[in-house]
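Peer 1: Have a look at the structure that comes next, please.
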Amino acid sequence: MQPELTLTRGGSADGHRSSARRWLWATVALTAGAFVIAAAFAPAGSAPPGRGLAWVLFAGSAAHVASTGWLYTLRDVRSYAASRPWRFIRVPVLLMTAGAAVAATLTPAAMAWLLLPFFAWQFFHFAKQNLGMAALAAMTAGAPPLRAAERRALIASGVAGIGGLMARPALLQLRVDPGLCALFPLSAASMAGAATVGIILLARRAPADRPRGFCVMYLMGLFFSVPVFVFASPYAAVGGMTIAHGMQYLLLVSLVGAGGSGEAGRALRLAVLCNVALLGGAVLAMGSHLHDGGPAERLIFGAYLGTVMAHFVVDAGLWRLRDPFPRAFLAGRVPYLMRAAP
């Protein structure tokens, strides 16, 4: 069943358009701010980040991953998960279990090699979210949906960034050498090509089909991986992407928590979300630093990796706007994001 994308709960058209614009430009501001903060406050070399940058990274990484767990407190999400137990229950549990077992068994040096595909998956997850943000921006602004070529350009730019990171693992703070140095200039050229194609495709839209907000969101997704090819500092190269990705997610999940009827219920949902994000994020952040410890500590580190991978799997199924449930889920809580502007 397709959700009815009309005004709900008595909301006015002007009010919905205003709320949609606030979401869009808040997302743009958070994304741009993330890159500026990471570049401005990134430490030199492999030095640890300052306290301020560390807190922002915590919010954009561990806290945002933990906030996925809050979604399971929502009845309709639990029902949807129960109808698809492999994606939303069994596979996440298997990933956490397998991650813990593998990390406890392998040496830290061997585990570092497995972190390469883990990070490749993570940054592909970033690219998919950028695609979703652009699609949501198009829907919100009343622009036609992304065309297949526009989608491919966005994903290609993300894949180019992944290639750059695989060629220079030091940007991920990994001490491995896969011998892929030649891949870096090829990835940079691919990034430039994908960006050029994306800009051309955007320019080919009729003026009415490329409203300003949608264009800004699409271009931010298109150039999301550029820091990989610009900065030598790990925090400047990937920190901005990590923070931007997490802040986009936290904003959307917070709006979902604030949506729905009843002031008391809204306050409770937001309070639970904050506690899950902060406390769960603290546990994940602790586990993320145990990769060089003994077997028991590495087991916790592996469980942390499995939890992050579970987040990838759950999000891929829960936020795909081409599926009926994600559209109905958002329409019920943030209807202004699911209505096209006139």
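Any Cβ shown, glycine's included, is placed from N, Cα and C.
Straight out of TrEMBL:
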- 23-41: transmembrane segment (TRANSMEM)
- 53-72: transmembrane segment (TRANSMEM)
- 93-116: transmembrane segment (TRANSMEM)
- 183-203: transmembrane segment (TRANSMEM)
- 215-237: transmembrane segment (TRANSMEM)
- 243-260: transmembrane segment (TRANSMEM)
- 267-287: transmembrane segment (TRANSMEM)
- 299-319: transmembrane segment (TRANSMEM)
Peer 1: Rank 23-41, 93-116, 215-237 by Cβ pairs under 8 Å to the transmembrane segment (243-260) and hand me the top one.
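Peer 2: Per the Cβ count, the answer is 23-41.
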Peer 1: Same chain only, please: residues at least 6 beyond the ends of the transmembrane segment (299-319) with a C-beta under 8 Å from a C-beta of the stretch. Say none if there are none.
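Peer 2: Those are 65, 68, 71, 77, 80, 84, 87-88, 91-93, 95-104, 118, 121-122, 125, 128-129, 132, 284, 286-291, 293, 325-326, 329, in sequence order.
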Peer 1: Counting only residues 6 or more past its boundaries, what in the same chain has a CB within less than 8 Å of a CB in the transmembrane segment (215-237)?
Peer 2: 24, 27-28, 31-32, 35, 38-39, 41-46, 49, 53, 57, 123, 126-127, 130-131, 133-134, 137-138, 146, 150, 153-154, 157-158, 160-162, 164-165, 170-173, 184, 187-188, 191, 194-195, 198-199, 202, 244
Peer 1: Using a threshold of three or more Cβ pairs below 8 Å, and leaving out pairs closer than 6 in sequence, do the transmembrane segment (53-72) and the transmembrane segment (267-287) count as in contact?
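Peer 2: They do touch: at least three Cβ pairs between the two stretches lie under 8 Å.
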